[in-house]
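> Take a look at the following structure, please.
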Amino acid sequence: MAQMYFYYSAMNAGKSTTLLQSSFNYRERGMRPVIFTAAIDDRFGTGKVSSRIGLEEDAELYNKSDDLWSKLSMMHADTHIDCVLIDECQFLTKEQVYQLTEVVDKLHIPVLCYGLRSDFRGELFDGSRYLLSWADKLVELKTICHCGRKANMVIRQDEAGHAIADGDQVEIGGNDRYVSVCRKHYKEALGR
């Protein structure tokens with residue numbers, strides 16, 4: 001039975017690496033996975049999922065206005081899809097998460113979503129909020145803070161490396177702008 005999975009974590013826990021390994025596993029068995037990534041995330045170029053360890057694979061792009069149900073049902077009608085892999089799923093809209101549940105429930109295709117749970121303010125992204133509510137399986141991928149504890153928060157830094165508490169929820173950046181830390185060091189960095 002197909003299910004929807006949400007693999008979530010702070011930054012630098014290996015979400016994209018895990019997605020690419022899943023894609024490889026499907027292809028190794030002669031199956032066809034389809035990978036999507038957010039068009040807004042162009043850190044490593046467009047139309048690619050890339051991991052920090054050097055793996056990468058081409059991906060379909062999605063943006064907030066895309067109807068993923070229509071897109072995937074047409075793709076599936078053209079050539080059978082065995083699995084849908086979504087990178088940067090925190091950028092999905094509520095409606096897109098619902099559309100992905102339709103892919104699972106009506107087309108019987110597993111959907112594996114990988115993304116951040118919360119932003120630099122400690123607030124849920126919309127995509128993450130609805131995946132936490134509607135996914136069949138929730139899987140936390142772990143990374144570590146500089147102190148050795150589990151990192152479950154993300155700090156956004158300015159150019160001088162100081163923690164920022166305000167700003168737009170979405171600002172694309174990598175290790176130069178964001179650091180994963182434990183809750184204790186998150187609060188300390190923000191002076192709370």
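Here, residue 1 is simply the first one shown, and the rest follow in order.
Just so you know, glycine gets a Cβ as well, placed from its N, Cα and C.
According to Swiss-Prot, the record shows the following:
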- Ser9, Ala10, Met11, Asn12, Ala13, Gly14, Lys15, Ser16, Asp87, Glu88, Cys89, Gln90: ATP binding site (BINDING)
- Glu88: active site, proton acceptor (ACT_SITE)
- Cys145, Cys147, Cys182, His185: Zn(2+) binding site (BINDING)
> Please report the Cα separation of Lys15 (ATP binding site) and Glu88 (active site, proton acceptor) in Å, rounded to an integer.
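Distance (Cα to Cα, whole Å): 9 Å.
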> In sequence order, what residues of the same chain, 6+ apart, have a Cβ less than 8 Å from the Cβ of His185 (Zn(2+) binding site)?
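Correct list: Cys145, His146, Cys147, Met153.
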> Quick check on the binding-site residues Ala13, Cys89, Cys147, Cys182: which one has the highest count of other Cβ atoms within 10 Å of its Cβ?
Cys89
> For Ser9 (ATP binding site), write down the residues of its own chain that are at least 6 apart in sequence and whose Cβ falls under 8 Å from its Cβ; none is a fine answer.
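Spatial neighbours, sequence-distant, of Ser9 (ATP binding site): Lys15, Leu116, Arg117, Glu140, Leu141, Lys142, Thr143, Asn152.
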> Using all protein chains in view, find how many other C-beta atoms are within 10 Å of the C-beta of Asp87 (ATP binding site).
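That number is 25.
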